[in-house]
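Read the structure below first, then the notes.
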Amino acid sequence: MASKPDDDGFLAPYVSRSDAQRPLSIVSSRMTDIASEDGDGPEVQNNRLSIPQSTDMGSRPDTARTGASSSRGPWQSQSLRNKTYLAGVQAKRGSVESSTAGSTSQPPSLSSRSHVPSLQSHAFFRPMSSQKLQAQRGGSHRPSTMSQMSAAASPSSPTSPTSPTSPRSDEHGESSSSQMRQSIISNPIAQLQRQMSNEENMRPPPSRGTEMTEQETLDRITANTSPSHGHYPAGSLTDSVRPLQGMSSDTGHFQHSIIVDKSYKDLSNLPSPIKTPRSFRSSFLMPGRSNDGQLSQNRSTEGAEKLSSAASSPQFRPVDSHNEQQHPRVPYKPSQKSDLGRVHQYFDGNTVFCLGGRWQNTRGRPINIATGIFVVVPCALFFGFEAPWLWNNVSPAIPIVFAYLAYICFSSFIHASVTDPGILPRNLHQFPPVDDDDDPLQLSPPTTDWALIKSAESTTAAMEVPVKHCRTCNIWRPPRAHHCRLCDNCIETHDHHCVWLNNCVGKRNYRYFFTFVTSATVLAAYLIATSLTQILLYRNRQGISFGQAVDHFRVPFALVFLGFITFLYPAALMGYHIFLMARGETTREYMNSHKFAKKERFRAFSQASVFKNFIVVLCRPRQPTYYQFKAHYHEGDQRLGIRRDKRPRSSSQGLEMHDVNPGSSGFQGPVSLRNDTPH
């Protein structure tokens, strides 16, 4: 049946009348679910009822647009479609029940099963989600397919109400077959299952509104080498689609239903995954055994952090309500591991810790103890021999000020000596290990690079500073960071290693170091002033000579010389670091700059202002440590090494104290012959 083309319809496709089986159309399975909502007149409905129903699957009926255009003009159909579209938009703004009711009001027609439906359908403007589509299918009567219409028109069962292909109605007037898809032939997967299985109880084809419409999912379904009616895609359905694949207890057929009960615990419909040719083995990426029977690793795990994981998921089994009562579930309690110690016990640097990792110092000669003695002894002599006389004869403010300066000096000394100067974490940028088969003449990876630093000076916009890779710490050091050979650590913004503190001076303790040097200088000058004041006041009040006054106050006179000695070195350090801070440089940067000519010396980190340089150094926030030495150790931390008490101890004796095995005797030429020759 053909229709002439007009402005409002499409040409009817050419229909082959041969008996040869045509290939399946996947497009039809996607497009036939969209019901046409054009307003059809009475004459169009009569034309639909008068269409002969043929059982030939190779033929294809005319589309609704072609049939409608042959019976009515373009202007009439255009006005009817506009009215229908306005009515459809109002119905779309309602709930799902409104759309369901609208779909059940029209009888089954060929327009709802055409390959080219109405272009003004609701589905093109407001497509449904997979959940709403499943709900609509479960509650509405789906239109019959061509196979059902052919079976209904066949003379074998013209009046059979219980035909296998005819829908069965319950007492509420709803079709029970709407929960199962009737269009088996429109889906190629279902047809394949129908051809390979003769049973009627077969799983319904996957929904068109779910992820099964994707091509890659279709490939996963057909990947099994031995498909059967019980085959299902292993692990390809999402959790929102799995509850839809259920079996009805009344009919014994698979049906689509939405289970919204939160207490759903029946796992009988969730079988275990089936192994396919594309499945990975259970020991994938796990260390296996080599030919000699020893464990071998397919990748290096050195420096890797071991993450905790839960046990493997067991296979799903049917859960019975009686079994749940007999065997109640026990809440899972993670196993508590024994205390592995603190972080500082696994640290690889040349650092000694005390007070649980709160204090740290370089493992070497404790010269800082002598520095502390030089601070404590003069202060103790002052409070023992000068403070009482000054408190009673001059003013109590003098001993109080001295006590405050002594507190600042000693406190800053402790902080600068036992504080983390800014130790950078280790083993963050490890180079790949060198194999024995590698070419020894091959160039190694570069260990130097350049970093671009924005300059605050108006003459230059940016400057490049060198950065290096530390082979000892296995990290790329940031700008201004250096490795200290005494501490055996990379220090951030490293200034120098102070032997008087027995610790490095870096970004985290530079402020304490400068405070200690400055307060020690001021304290030494204050000690000299108070000692001389006490001697001179006693001489004037007693009317005696200076020698007699010194003979009366011998300790204050000794403190004058001690204060002068302790004043020189701290004063020099204080002036030097004031000069460095004003320039925006560190001690290491200033020393290295003298390797170049004056024209090539640049200060990349200067703020172009003396005041700003002081603010940046002295008023910057003190960042936390990278290691947290007081924290508990977690197994697999790549920054740390072996625990100190479990490390192999190196012998303190030299090589000459051990027995040296003689080398293998071989041909040594004339020397051996000359030694054996008798003289």
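Glycine too: its Cβ is placed from the backbone N, Cα and C atoms.
Pulled from Swiss-Prot, these are the features on record:
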REGION    1-181  region 'Disordered'
COMPBIAS  44-57  compositional bias 'Polar residues'
COMPBIAS  66-82  compositional bias 'Polar residues'
REGION    194-250  region 'Disordered'
REGION    267-338  region 'Disordered'
COMPBIAS  291-301  compositional bias 'Polar residues'
TRANSMEM  369-389  transmembrane segment
TOPO_DOM  390-393  topological domain 'Lumenal'
TRANSMEM  394-414  transmembrane segment
DOMAIN    468-518  domain 'DHHC'
ACT_SITE  Cys498  active site, S-palmitoyl cysteine intermediate
TRANSMEM  512-532  transmembrane segment
TOPO_DOM  533-554  topological domain 'Lumenal'
TRANSMEM  555-575  transmembrane segment
REGION    640-679  region 'Disordered'
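Secondary structure of the topological domain 'Lumenal' (533-554) per DSSP (helix as H, G, I; strand as E, B; remaining residues coil): 18 helix, 0 strand, 4 coil. The Cβ neighbour count for Cys498 (active site, S-palmitoyl cysteine intermediate), using a 10 Å radius over every protein chain in view, is 23. The topological domain 'Lumenal' (533-554) scores a mean pLDDT of 91 in the predicted structure. Look at the topological domain 'Lumenal' (390-393): DSSP puts its residues at 4 helix, 0 strand, 0 coil.
The DSSP secondary structure for Cys498 (active site, S-palmitoyl cysteine intermediate) is strand. Long-range contacts of the topological domain 'Lumenal' (533-554) within the same chain, counting only residues at least 6 positions beyond its ends with a Cβ under 8 Å from a Cβ of the stretch, are 385-386, 389-390, 393-394.
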